[in-house]
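The annotation transmembrane segment is assigned in TrEMBL to C:20-40, C:52-85, C:91-115, C:161-182, C:213-232, C:244-264, C:295-311.
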Amino acid sequence: MADEITDNILNICNVNKSFPGVRALNNVSIRIRRGDIHGIVGENGAGKSTLMKILSGVYEKDSGTIEFDGETVENTTPVKSLRSGLSIIYQEFNLVNTMSVGENIFLGRFRKMKGMRGTHGEARKLLDSINCSVDTHAPVESLSVSEKQMVEIAKALSFQAKLIIMDEPSSSLTTEEIRHLSVIIKDLHEKGITIIYISHKLDEIFEYCDRVTIMRDGCVVDTKPIKELGRDEMIAKMVGRTIENEYPERPHCVGESLLEISNLNSRKLKNISFTLKRGEILGMVGLVGSGRTEIVRAIFGADKVKGLILQIDGKTVSIKKPADAKKAGIALVPEDRKQQGLILPFSVKSNISMAALKGLAKRIFLNRGSEVCMAKRQMESLAIKTPGINARVENLSGGNQQKCVLGRWLETDSRILILDEPTRGIDVGAKYEIYLLMKKIVENGGSIIMISSELQEVLSMSNRILTISDGRITGEFDPEDTSAEEIMKSALA
Amino acid sequence: MKKELNLKNAFFSFIKNYFVGFCIILLVVITMIYQPRFLSASNLLNIIRQLGPLSIVSLGMSFVIFAGYLDLSVAGTISLVAVVTVSLIEPLGQMGAILAGIVIGTAAGALIGAVVLVVGANRKSEALFISYGMGMAYSALALMYSGGVTQKLGENQKIFEVIGKGGWGILSVSLVIFIVCLIILQILQSMTYIGRSVMLAGGNPVASRLSGIPVNAVVVLVYTLSGLLASIGSVVLVSRVTTASPVIGKTYETNAITAVLIGGTSLKGGNGSVMRTVLGVVLISLMSNCMNLLGISSYMQSVVRGLVLILAIWLDSKRNS
Amino acid sequence: MKTKWVAKKILTAVYRQKAIAALILVFAVMPLVNTSFFTVYNMVDMLKSASVYITIGCGVTVVVISGACDLSVGGIMCLAGIITVKMMGKYPLFICIIFALLMGVLVGAVNGFFVVRQKSEAFVITLGMGALLKGVAQQLTDAHPIAGTNKAFFEFGTGSFLGLPNITVMMFLILITTCCLLRFTQFGRNCYAVGGDYDVAEYSGIPALRTKWLAFVISGFLAALGGVLLTARLNTGASTYGDTTALLVNCGTVLGGTSFAGGIGNAWKTALGLLLFTVLESALGMGSLNAYAKELVIGIIIAVIIGIDSYDQKRKAEMV
């Protein structure tokens, strides 16, 4: 009853959205009250960004209704959404880097603003209203993250936005800039603009928000006024309960130190140092953009970094490109298996044999027979569901595609296997198979570094956990001794 | 029901893929009707004998395309090798001159590969510009070196004579050279680590690099190979026409690309085969032959070839989108 | 605030304007090498050559800013001249010119279709188109140059207006129009947006597809116009014109500071770049190098320019 009386600026009812193989949104219903600052929290992959993209018109929902400001939203486009008063500020920003601030704010409305003078004049007024001193003639690429954000806010204001969605606004800001942002947010709030605030930083959620929605695995867990929610309760709901028998028994094969990383520095990473032991599964936890992938890519030689000392078995090894890493016995299964891990139009056989190919070559000729054996071997041992080794890998399901990449590296003599989000987008059954595989690898003397956004996964499989935040290692934990909440806190530090 | 649909789809996709091939077959049929001469033994023999320089150059171009690039310098390389080889017959003897020419052409290709690599041409179009610009430089070098003069192969150049006119029946020497190159390259592509690396790098350079495939070496290799085959093609060409004009290589790059494309290899890289290029080369040869028999002027022929190229590119991008 | 940015812009422009620096260098060195460089005749000659290039360059600039390239301009230029000359005897002059320009528009539209709608690679398609048009040109002229028969046309091509060659005056008109188009109209700003980030432009409601397509049409039109001007100047239409034009103009655009990455640059910058090329051509022609060495140097310069542009992009992308 209370809900019907209050004025809801946005009504999301039973929205569903699926992508091939993944259910991104499952019967999501949220009511956003006009004038609220409404927070949305959830782990990576909870469905927040999918929902936002549907609201802003980038994606089309599969089913359900959305009502914005009294109007039903159907078949909308990004620009229609903007004009109706719904603005969204993405984490990566939606700006043309080569153009000036003023032009970006009024992109596509040059004539309406009567040319350069009008554009820059109005832009100046908008920026002044949020206390931003950036020169409207400056090209966007020269701005800091905080300044780009101001430009996006000014852009939203230029559309007379009634609702502004902010996706992880403070993730790359300094403390000073965060303070400035909070002033602006409070100012917008006073102006009566509704704000949806998506953030991992729970302190901010508690500071700004009137109400908060917690999402997990594509579902809404709860929507509550902030006053009725405690921090621990919120984290518990974000993280969820463990389901039994989802994970195999944790392996215990940890031996001596194998890999030592020290002084890893780059533009994003600050003095990373850690060790990996023999037979160990080392979990790395952190938010998207915290630097986890950068660390492992640096180890693998995929990126150039400012400094890195890498020692295997006590001997310093120089790794300048992935081929060097392969020789040193390091393997990497990338995060984005479709763009970086596989050659989609190629066969399962080719994808599996890629890394071990050179070893197969007798003199200069490839050993076709061995290649077929290799593929069949992996197909069996990993239970890859495919019509045959010559089937195109793009037709396989996500889990089986991942197994191909894994199989590729299992055929090389790698002692150190780096897995970046190994079970992303994979069904439960396949996940279990991959966990068993990981267990078998360490039981046979290999070591694994696993990056994952699924806390339960990391907690159940790792022997040790490192938390990464903002390019630094912020904590080291023993999963048998720590709770999910503690680890989450450290990753949000 | 599903099976029927699949058959229908397969048929249509086949036609789409080889649409240009179909058009050429159509052209052949038309020619057979209007010029029964087409079916004469001497004409058919001629078609096969004509498979010389362009075919060889197309083989080299194939590899560049497999890797996802294009070599627009072959015109310049061919011209350069032609004038250099002929001018060196006096001091170095025939074999010496031929070898020198081939070495220079290969080096020219390698140079382009090196530059493309160093400069990091991340958008492939920039690599194309570089090969285009350097090709122009090679053309200019050819003009400079020869002073703009077309040199004639003197009398008693036995080796060149053999290459140009020799052979047994259908097997002209140039055809044999082509077949040898073809066999070697086919083996390279399908049976060696190097060949596989080229295909993998063309299919997905990022994934290949992350699997330890030497993507950088592949870039240099394919351009070098293209230079090598362009040189061989140039020598065969000079033997055929017994002259070395400093602009002898003109239009070879567009024709070679056309041949590779209508054979069914896609510009996006990572697919295709040497045998497909052979098909493309045969189709082009048929096309030229038919047009000649039908009395179409040589200029119209180049217009038609240009149209075919555009058609091939268009169909290719449709297939990929 | 504005002045600070304008000043910074000018300074970076000059720094980036290797063209201006190089121009100054050439002008400084040339009198020492060959005094006939500075004759009025030579200056006017260079100006006339540059005028044709710059006219075409304006069109190419619009395309490059929008994020593509156009290599068919040489073929369009050549064919436009031939159409004009061939029709001259039978039809009034302005009909001939309109036909030539229409051809340019049509070719541009076709290019745009393939590149924007069919997502073909701009480089390859426009290259093929250029080759095709050259074939057509050869067919129409039987590979012989055709002399013009219209006196008024020739007089326009060689005449002057207020001290400057007519062609140059036309070029200036076009240059100013293009600069204004790019800087002051919605369409022009859309080109920058589309080239800078196609997706962001679309999300903001800009008709990205239409914009890019139109860019090609403009390029075709101006290339045809350049061809008409060239033919007026030489009073001849030949199928040998335009062999290196496409490469030269596209590279002049890059030299002038409009990167192939798209989203930046302007027509006047291209004009400077092309002016440098023209001056270089002339200067090299006067040195002890023969015509071929000249082409060699230009070919190398082109590769170097593109190489530097590409390397710049590579460095930018590598900053992890």
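The backbone N, Cα and C atoms fix where each Cβ goes, glycine too.
The transmembrane segment (C:52-85) shares the most Cβ pairs under 8 Å with C:213-232, out of the stretches C:91-115, C:161-182, C:213-232, C:244-264, C:295-311. Counting same-chain residues at least six beyond the ends of the transmembrane segment (C:91-115), those with a Cβ under 8 angstroms from any Cβ of the stretch are 68, 70, 72, 75-76, 79-81, 83-85, 121-122, 125-126, 129, 133, 150, 152-153, 212-225, 227-228.
If you look at the transmembrane segment (C:161-182), the same-chain residues 6 or more away from its ends with a CB under 8 A from one of its CBs are 44, 47-48, 50-52, 54-55, 58-59, 61-62, 65, 188, 191-192, 222, 225, 229, 232-233, 266-268, 271. Sequence-remote contacts of a segment are chain residues at least 6 beyond its ends whose Cβ falls under 8 Å from one of its Cβ atoms, and for the transmembrane segment (C:295-311) they are 244, 247-248, 251, 254-255, 259-260, 277, 280-281, 284, 289.
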